[in-house]
C-alpha cells in the first residue's frame, strides 16, 4: 500500500519564515516530498514579486485575514481547494501592534492562532502535524531588567519555567503553545513549537520585524548618503556590542520545521524545540564583517556611548531623527537606482533600536534538536549576505553594479 501523499499548508507565507518555507518545501526530496504546497497570505502577492518559482505544486491564496472571527476564518478556509487533503500545517504568521506594545501584540497573535487552528480542525480533516513557530521571548529576554531574580540566564533551555505575571501576559507564545497542544491532543495531531531567536533572511515585504531587511536598508542608504568607505559606528550600546547571541538563517529554520514535522510520525510529538545556526557570536565579532558587504567600515559604538549611563543613547547617524534630516535623499536614492518605493522610508527604527540595545547574552541551548538528528549549522555573516543578495534581486537595495 502507498502512504497518503504529504500536502503542506503555510500560514503566514510572506513573512521571513514563510517565504523560505515555500522554497524548502518544494525542494524537499523523497521520501519526505510534498505533493502540494498551499500558501496563505492576507494581502495579494505575485510569484514574481515574491521570487517564488512557477511550480504546479504551488498555490497562493490571498485574502485570508486571521484577525477576523473563527467563524469567518473557517469560511475563508473552506474556499481553499483541496483543503481537506492537507497533512502538514506550518503556522508562521505573526501579528504586530502598531505601537509595538507587548500586551496588545500578544492579544493579536493569540486570537490569530486560535482562529487558524479552529479552521484547521473544521476543514483540514487529514491534518497530521502542526508546526508552530514561537521564539526566544518565552525566556523573558525583553523583560530581564524587570524580572530580577525571576530571570534565568542562558543558555536557554526548553525546560526553563515560564516567566511570572504580569510579564507572562506579554508573551503570546505561552497561550499559543497551550492552544496548539490542546487542539493537537483533541484531534490526535502531533505538534512542534519551534523556538528560534533572531531570524536572518529575506521577505518580499517590508516586514517591521525582520532584522536583516531593516539593516540592509539602513546600510545601503547610509552608503548612499556618506559614500563608499564611510565609517559606520555600531548604533547600539557598549553592553549590547559585547553581548553573545545566536541567530538562524531562514533556510535552515525552514528545513528544521520540515524535519521535525516529517519525523514526528516515527519519533512522536517533538513539543518545544530551540534552534539556531549553532554559532555563538556578538555584534563586536560580526559588525565589521557584515557592513563590508556595502563597502562600509564597521566600528565600535562611539566613545560617548561607552561612558556612564549611555545604554539607551543612539548614534547621531541612526534612527528617525537622523533620517528626518536626510529624508530628501531617500526619494533620490529610490529613483536613481530604480528601487521599489517606500522601503527605505519605512525602516523599522523602533525594532532596530530594540535589537541593537539588547545587553544580555541570549544563547539558545539546541541539544534537544541535535539529539533528534538535526545537525545542520551555518555561518552568521553568510546568512546576512544571502538575505541581501535576495534584496538586490528584488530591487529593494541597489545591485552590485549600481553600487560601484
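Glycine residues also receive a Cβ, built from the backbone N, Cα and C atoms like all the rest.
The model shown is predicted, which means the values in this text are computed figures rather than measured ones.
Cβ neighbours within 10 Å of residue 237 (active site, proton donor), excluding its own Cβ and spanning all shown chains: 22. Annotation comment: Swiss-Prot describes 237 as active site, proton donor, evidence class similarity to another entry.
Note: residue 56 (NADP(+) binding site) has no non-local neighbours, i.e. no same-chain residues 6+ apart with C-beta under 8 A of its own C-beta. If you look up Swiss-Prot, you'll see 56, 58, 291 marked as NADP(+) binding site.
When secondary structure is read from DSSP and collapsed to three states, residue 67 (N-linked glycosylation site) falls in the coil class. Long-range neighbours of residue 67 (N-linked glycosylation site) (same chain, six or more residues apart, CB within less than 8 Å of its CB): 95, 108, 111, 112, 115. The N-linked glycosylation site annotation in Swiss-Prot covers 67 (among others).
The C-beta environment of residue 157 (N-linked glycosylation site), restricted to residues of the same chain at least 6 apart in sequence and closer than 8 Å, consists of 274, 365. What Swiss-Prot records for 157 (among others) is N-linked glycosylation site, and it gives sequence analysis as the kind of evidence.
The N-linked glycosylation site annotation in Swiss-Prot covers 274 (among others). Over all protein chains present, the Cβ of residue 274 (N-linked glycosylation site) has 26 other Cβ atoms lying within 10 Å. In the three-state DSSP scheme, residue 274 (N-linked glycosylation site) is classed as strand.
Sequence annotations record features per position, and here Swiss-Prot assigns signal peptide to 1-28.
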>> Using a 10 Å radius around each Cβ and all protein chains in view, which of these binding-site residues has the most neighbours: 58, 291?
In response: 291
>> Pairwise over 56, 58, 291, annotated as binding NADP(+), what's the top Cα to Cα distance to the nearest Å?
In response: 39
> How many Å lie between the Cα of residue 237 (active site, proton donor) and the Cα of residue 291 (NADP(+) binding site)?
Replying inline: 18
> Is residue 157 (N-linked glycosylation site) helix, strand or coil when read with DSSP?
Replying inline: coil
